[in-house]
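Novice: Okay, these came from Swiss-Prot:
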- D94: active site, proton acceptor (ACT_SITE)
- D268: active site, nucleophile (ACT_SITE)
- D94, S95, G96, G97, F98, D148, Q191, G218: substrate binding site (BINDING)
- C306, C308, C311, H337: Zn(2+) binding site (BINDING)
- 249-255: region 'RNA binding' (REGION)
- 273-277: region 'RNA binding' (REGION)
Amino acid sequence: MNPITYELIKTDKQTGARLGRVHTPHGSFDTPTFMPVGTLATVKTMSPEDLQSMQANIILSNTYHLWLRPGEDIIREAGGLHKFMNWDGAILTDSGGFQVFSLSDMREIKEEGVHFRNHLNGEKLFLSPEKAMDIQNALGSDIMMAFDECPPYPAEYDYMKASVERTSRWAERCLQAHNRPHDQGLFGIVQGGEYEALRKQSAEDLVSLDFPGYAIGGLSVGEPKHVMNKVLEFTTPFLPSNKPRYLMGVGSPDALIDGAIRGVDMFDCVLPTRIARNGTCMTSNGRLVVRNAKYARDFNPIDEHCSCHVCKNYSRAYIRHLIKCNETFGFRLTTYHNLHFLLKLMEQVRTAIKEDRLGDFKESFFEQYGLNKANPKNF
């Protein structure tokens, strides 16, 4: 029995977006969904109870960072990541590939894996498909990611073709090295940049290996929005309709809606938590930079249309004061609000799919959020 299964509930008649449910060893979650990122086994400033209160049923943790600190052996000794961090929902771990490949001046790619230097102390390290599986098996996440090559954007066709072929070979090695297929599902990652033929080749290679789910990688790496949307449009049809599809590293409201319309089920990004620590909040009318001086005497909530406990109890003036004074509680409030906002947005997306009106929802949301043509960057 596969530990990860996908149930397609319905498709939206306006857009073709999918309403579904993913079942894991640590519970089920409805899709499309957004996954908060807990890089170091914590979503910064949030407790597990905070995340449960906003109906976050799956979170993401980072293999590379947990390998370096505290080390996978300590987490294995603790009984796995769920026990270590007291989280009883589902956990997805990335493979560490993105972090290693982002150390472009500190790494060397070979067929066996990647040689690179620890960003903390300069120590020489080596990460391979086998090592990435070993670490993730020790962490015990519900969903593991294959170790892939993450090419830069833009990249020449020939470079990208060689990269796709290596990613396919590494995916096979990941499957062979995966020691816990009975209780951890391993997803393959489709690469290929903006080249349709290479996306097709990558998807077909991975689908032939019969992973329980598929990620679309190599997007949200600096390409324009229209390129991301175009790539999704020609990539998702190559993926099986009875398995979940995960768009990696995407978390702006417009990209979540556009991704869902193009058949994506799962998203993750540090965006809502990172901008929260800069005093930037997502609201139904676009971004609000609460640290700005104009909010010093503004006793309204961050978003009057928001039902989260932050908006019910705290004013912009108070939150601005906390952030200006570098008080952790201020970052906690903005983080809670932003995550609640995105999780609520995905709930609205699911309701719109259920009612066959996601196209209409997108139009009204984009207009109110300031994503019309006059102000396309307000995300």
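Cβ coordinates come from backbone N, Cα and C, glycine included.
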Novice: For the residue listed as 'active site, proton acceptor', find which of the binding-site residues Q191, G218, C308, C311 come within 10 Å, Cα to Cα.
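Specialist: Of Q191, G218, C308, C311, within range: none.
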Novice: Would you mind reading off the Cα separation of G96 (substrate binding site) from the residue listed as 'active site, nucleophile', to the nearest angstrom?
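Specialist: Here the two Cα atoms are 15 Å apart.
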Novice: When DSSP states are grouped into helix, strand and coil, how many residues of the region 'RNA binding' (273-277) land in each?
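Specialist: Counting residues per DSSP class in the region 'RNA binding' (273-277), I get 4 helix, 0 strand, 1 coil.
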Novice: With the Zn(2+) site defined by C306, C308, C311, H337, which remaining residues of that chain have Cβ atoms positioned within 8 Å of the Cβ centroid?
Specialist: P301, I302, D303, S307, H309, V310, K312, Y336, H340, F341
Novice: What does the DSSP secondary structure composition of the region 'RNA binding' (249-255) look like, as residue counts for helix, strand and coil?
Specialist: 3 helix, 0 strand, 4 coil
Novice: For F98 (substrate binding site), just count the other CB atoms lying within 10 A of its CB, please.
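Specialist: Result for F98 (substrate binding site): 20 neighbouring Cβ atoms inside 10 Å.
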Novice: Taking the Cβ of C308 (Zn(2+) binding site) as the reference point, list residues of the same chain whose Cβ is under 8 angstroms away and which are at least six residues distant in sequence.
Specialist: M54, Y336, H337, H340, F341, K344
Novice: Given the substrate site residues D94, S95, G96, G97, F98, D148, Q191, G218, which other residues of that chain have a Cβ within 8 Å of the mean position of their Cβ atoms, reported in sequence order?
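Specialist: Sorted by sequence, the hits are F101, M145, A146, F147, E149, C150, I189, G217, M248.
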Novice: Quick check for the class: what is the C-alpha distance, in angstrom and rounded, between C311 (Zn(2+) binding site) and Q191 (substrate binding site)?
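Specialist: About 40 Å separates the two Cα atoms.
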Novice: Around the C-beta of C306 (Zn(2+) binding site), how many further C-beta atoms are within 10 angstroms, looking at every protein chain?
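Specialist: Excluding its own Cβ, C306 (Zn(2+) binding site) sees 19 Cβ atoms within 10 Å.
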Novice: If H, G and I count as helix, E and B as strand, and all else as coil, what does DSSP give for D148 (substrate binding site)?
Specialist: coil
Novice: List the Cα distance (Å, whole number) between F98 (substrate binding site) and D268 (active site, nucleophile).
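Specialist: About 14 Å separates the two Cα atoms.
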Novice: Just to be sure I understand the packing, how many Cβ atoms besides its own are within 10 Å of the Cβ of G96 (substrate binding site)?
Specialist: 23
Novice: Averaged over the whole of the region 'RNA binding' (273-277), what is the pLDDT?
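Specialist: Averaged over the region 'RNA binding' (273-277), per-residue pLDDT gives 98.
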Novice: For C311 (Zn(2+) binding site), what is the tally of other C-beta atoms lying within 10 angstroms of its C-beta?
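Specialist: Cβ-Cβ neighbours of C311 (Zn(2+) binding site) within 10 Å number 23.
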